[in-house]
């Protein structure tokens, strides 16, 4: 149910996003109106079921936004120019028309059913493509009322297009929400095979994933191990080149450079790319670009002397006749979509008259630009003043040679043709019943939901004109390519020659096959060489060196994160080292940390169960429990030092350590001050205890801890610790560690802890001979003595320890000082509570009973 109502929901969502409340009718139903102006189709025909088409007839658009009035609708701009780019696109759209005309005349597919179409101009841009996709998904009149009886379906049963990957991605994201199937004829980005993101996307052209693998095999086949790489700065170029570089790495191919540019790049960037190519040492270039970008680059390269290069191309430009004019590309080699024949298609393209073209704006542009005239109804005084003639109506398309009429190599046009037939077979599966030896029975009144066509598309498997059509689980066809070579004829012109084939459905050793000789750059007969240097002949050698790349003329050091093997002919990744839980030392320290925390928890349980006993009450139970809590954190904070350093762990480990230890020492300092003030309070007339009661004790702990928290906050804000790869300590290993960020802040944290510990030690030492059998100041003195000894020893050891042992030393210092505090302050009390309960009396604590040595 929700799929059928999706268009209405989409409109409600648009209202909500822009903060608009949908109007309500007098009956209480919600009235929705489409926002903006609908785009008009370039080609259209009514039918029982509509098929949408999105093609880029123009390549720019105007969007006026002055934010003072309602913006005008998107408008494609630029005259329709009869060049390869736009002429081919119109031929693609007419291939869709031709396929629909054929299907409507057939009796075995959708008999008695008429397919219609609406073909729109996407301007080759994402905004217009998405706008058209919204129109296809709506299927509603400009004004409608949503009520329980409204069961709107999408305007079209399926969509063909777009020719480029970037607009196709935007269309696929939108149509996928409503399960409207989209079949592209020229969008090759491997990313579109992801069914989680694009559940309704199909294509009749192979994914770039296979083309990238084929190009890598081609480069490896001819022994080119040192190459350059250029790409279009678009979804097509970036994703395609990423796949190629990954495949090339597996084949052992080295890439000297990989640069991106586009037709919208500044001229300075194109010049920079051209200069990189001229100054490079590699003689083979893999170009993953579209035809427009390669033309721009070649125009720049021809301005200066450029060395002869072996060009390896992709299907987007390698079979584009418009690029053949660049003689510098002679010998170019690469993969293209298989050449095909569509019977009667040329006659269909040429069967146009001046009267017929007036029905379509795009056909009017075709006619006027081809014959350099203006149709009578478009003639203006301005045109007459410029001397532009009026079309006579006797013009004949068969007499001109333009890309629109060129059917010598129907490659992408056949992809459109196959896409249309795939959709027709899918609709046939929804509305028709096939009877053996009888004509199929079709019900053209069936309400076809797009998701039904989507499910049928997954099952289509047929052959048309000898070409198989079907889709795998990713919506991709069986990947096959022609190996195309640019060869020069006797008259000096370049033309495409098929010299081999690639079929990814075959076993890997049989995928690539050759059928003809290849013409190399400058008509060279041997295969061009593109390696770092030629291998040494038998009986000769190169001087050995510490690190070098195979076939290099000079010794080239391995990258920082690599180290040569024993033969010095390969760079291997360095071993990465850090204190982890996978080694014995890390496990021991982690176990000690957790064991210490568990012991503190056990002490806390004992104290809580005996909280009313004299020994617990006499030792300031509130500060004791806070001290136990801070000791638990001290033990656990050591765990942050174990494991691979990250931004968060580096910041957490030092700040957590600093704050928890100050909290711990503050509690000990508070207990020490309590001991001193308690003794002073026994002197007649002394009222010091009222100045250091429980509120003042809490405030002391908070103030001391807040100072450390402030230091740590400034540290994290101004110069926080961060993970680094230390490659200077060992040549063959990488040490992952935390850079302190600010050494001054680190030593300030340690210095503040040391200051509090020293102050606590001095006060406890002064109170060590105070009366009472259980003088806590003695135990605090011992604990602070251990604490200071550990951290004084820590400093030189920390500075001199290498690699992961630096972290181990810091963890050891944390654990040792924590165990020292717990053992000196709490273990004696627990011993009396558990094993000497007779000493857990007020008389004994006040010195009324002779004490025994522990």
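Here the Cβ of each residue, glycine as well, is placed from N, Cα and C on the backbone.
Mean pLDDT for the domain 'G-protein coupled receptors family 3 profile' (585-849) in this predicted model: 81. Annotation comment: TrEMBL describes 585-849 as domain 'G-protein coupled receptors family 3 profile'.
According to TrEMBL, the feature signal peptide maps to 1-19.
Here TrEMBL flags 584-608 (among others) as transmembrane segment.
Among the features that TrEMBL reports, transmembrane segment is placed at 623-643 (among others).
Annotation comment: TrEMBL describes 655-679 (among others) as transmembrane segment.
What TrEMBL lists as transmembrane segment is 699-718 (among others).
Sequence annotations record features per position, and here TrEMBL assigns transmembrane segment to 745-767 (among others). Within its own chain, the transmembrane segment (745-767) is flanked in space by residues 654-655, 657-658, 661-662, 665-666, 668-669, 672-673, 675-676, 679, 704, 707-708, 711-712, 714-715, 718-719, 775, 777-778, 780-781, 784-785, 787-788, 791, 795, which lie at least six positions past its ends and keep a Cβ under 8 Å from the stretch.
What TrEMBL records for 779-799 (among others) is transmembrane segment.
The transmembrane segment annotation in TrEMBL covers 811-835 (among others).
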Interface present between the transmembrane segment (779-799) and the transmembrane segment (584-608) (three or more C-beta pairs under 8 A): no
Within-chain partners of the transmembrane segment (623-643) [C-beta distance under 8 Å, separation at least 6 from its ends]: 578-581, 586, 589-590, 593-594, 596-597, 600-601, 603-604, 607-608, 616, 649, 652-653, 656-657, 660-661, 663-664, 667-668, 670-671, 674, 697, 701, 807, 810-811, 814-815, 817-818, 821-822, 825-826
Folded-back contacts onto the transmembrane segment (811-835), same chain, C-beta under 8 angstroms, at least six residues removed: 579, 589, 592-593, 596, 599-600, 603, 606-607, 610, 613, 615-616, 619, 624, 627-628, 631, 634-635, 637-638, 641-642, 657, 661, 664, 668, 774, 776, 779-780, 782-783, 786-787, 790-791, 793-794, 798, 854
